[in-house]
Structures are given as structure tokens and as C-alpha cells.
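To start, the structure under review is shown below, and the notes come after it.
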Amino acid sequence: MYHEKQQRELCALHALNNLFQDKSSFTKSQLDQICQNLSPNEYINPHRSILGLGNYDVNVIIAALHMKDCEAIWFDKRKDPSRIDTSKIIGFILNVPSNYKVGFVRLPIQRRHWIAIRQINKEYWNLDSKLDAPQCLGDESNMLQYLREQLQSNDKELFVVCTCEVDKTQQWLLPDNEQR
């Protein structure tokens, strides 16, 4: 199992590489180029941190996924995650608040953190780059319960990652009467 650990503010890069289970899926240079393409005339790029150390926004993740013929679909948290046909998706990217620390000192700055969740060998895994090792969430029902708990918070967002073809036909979404 591939698990990139957190470096600087590159959680979006780590989430993408962890999602695709390949360290060469994306590089910092590629994500920086996406930022440049999204805002070519901006002196301070709004899609990453001012210092250029990462902290990429959702637009960068979506553009990166398009390079792999994939889509990130925002999941309406008013719906139950059991509406997702997990057999049709690649995985999930969860966006959560994260406190900013310098050493042991927590600063009053709120940042966002990207986390990949996907199935590997019939079990679902939290591939958060801040974890020392991937966290096994268990089977589909355990993973869905984990997502329900995460989505109870107003400041967390879930993106379903699937191929563009699956998105076009909305195969990732089960009909209302077919929840798991």
C-alpha cells in the first residue's frame, strides 16, 4: 500500500498520489503549473499559498484529476453516503479544517487539509498524510459510517472521485430507493 506522509503544505499532492496509489501520479511542479494555468496573470496566485509551498485549493485538485480523465464531485452532505455506488468510484477526497502549528505552538490560523480515502484489497483506508500509517476503516458499512460522522461537521466537505465517463452518466449515484 502506498502512503505519502505530510511535507510542508502539500496535502493536496499527497492526497492525489495516495488516492491513485502511485508516487508519480502528480508532482509539486505539475500542481504549480496548474495554478499558473488557472490564474496566469496573477502576481499572487489565489490557488496556493503566497509562499508557493502548497496549500492548493479545490480548483487545482479538480484540474489535476481532469489530467487523469477523472472528476471530483462535491457530495451533498444532506444525502446519506449510502447513496454512493462504491463499485463505480475510485475513492474519496475529504476536506477538513486543520490548525496551523509552528513547532508545538498552535497559531490562530485555520487552514484546510485534504485526505484520500479508498478501497484497497476489499477494505477501506484513510490515507491521511498526517497519519504515521494508513488507518483501516474496515468494510463498506464501516467506511460509510465514518463518512457520516465526518459529514456531521459543517466545516468538512466530501468529494467523490470517479472517471469522467461515470460522472457523465451519474453511475456513481444510486437511485433513492437503492441505498446500501
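Glycine is treated like the rest: Cβ placed from N, Cα and C.
The feature active site is assigned by TrEMBL to Cys11 (among others).
Taken from TrEMBL, the feature active site applies to His113 (among others). In sequence order, Cys11, Asn95, Val96, Pro97, Ser98, Asp128, Lys130 are the residues near His113 (active site), counting only same-chain partners six or more apart with C-beta under 8 A.
TrEMBL lists Asp128 (among others) with the feature active site. Asp128 (active site) is surrounded by 23 other CB atoms, counting those within 10 A of its CB over all protein chains shown.
Summarising the annotation, TrEMBL assigns domain 'Josephin' to 1-176.
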Counting across all protein chains, other CB atoms within 10 angstroms of the CB of Cys11 (active site) number 27
